């Protein structure tokens, strides 16, 4: 389409790995292994929690939600990236780009809220242990999970719809490997300063608010742990939070760096590097963190493998 003197784009082209043509086969293999490991690891966590009755607690209910979310999160980006590493023309329709952004942003904001719900669960468990079963009953857990998913769907659906009401002109080349917000907004052929201000405000409100809730929860948790008289008790209390703290640090470290920067601070190189962290590396590390650092999950895995008939026959 032609509007005035400008031609509107009907599709986008990714050019993120164009300078690495000789390495694309190697990158395909590396990302495929990471993707299969991530999906497999999260499926194992979900399966272990499902079949182990002692893990049917609020903490592991939220972990199942997080594992399912992480599988969807990485699947919204990596399979398309794998295909584009094997083909010469790396294009996507505007509709396909919008669909990817809808899924990716909804899952990203949902994870922010879900991590805050998990922090609240740890806060109640450590600060109010005698009232834990009452304060974190099944209905409360369901409401917190539903609120996390609803917030992600509503907020990011509105924001992404707004982005794709913009006209996109020029060559349509995206300096990225998927339809992230800022690389797509840069292709708009109108002044997007007002859009960027609103998007920045939304990011601050809906990314920082869960982050502040997490920080407040852990301040109270730390104060409660320091009041525990025995070193063994303090270590046991802290160990129940350590995995969550690592996941929060990885997720928010890259999210804050990416989405709370002004447009002028974004470069294709930094955008791609941080995007690889939060779309590929972080989801792959989460199953490792929650299995290697979680005693109950490791014990459940050992019991399942020891009951395996093939193992017993050997």
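Each Cβ is built from the backbone N, Cα and C atoms, and glycine gets one as well.
These come from TrEMBL:
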type: TRANSMEM; residues: 26-51; note: transmembrane segment
type: DOMAIN; residues: 41-290; note: domain 'G-protein coupled receptors family 1 profile'
type: TRANSMEM; residues: 63-87; note: transmembrane segment
type: TRANSMEM; residues: 99-120; note: transmembrane segment
type: TRANSMEM; residues: 132-155; note: transmembrane segment
type: TRANSMEM; residues: 197-225; note: transmembrane segment
type: TRANSMEM; residues: 237-261; note: transmembrane segment
type: TRANSMEM; residues: 273-292; note: transmembrane segment
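Counting Cβ pairs under 8 Å that are 6 or more residues apart, the transmembrane segment (197-225) and the transmembrane segment (99-120) reach 3 or more and are in contact.
The transmembrane segment (26-51) and the transmembrane segment (99-120) are not in contact, since fewer than 3 Cβ pairs between them lie under 8 Å (pairs 6 or more apart in sequence). Here the transmembrane segment (132-155) sits apart from the transmembrane segment (273-292); fewer than 3 CB pairs are under 8 Å, leaving out pairs fewer than 6 apart in sequence.
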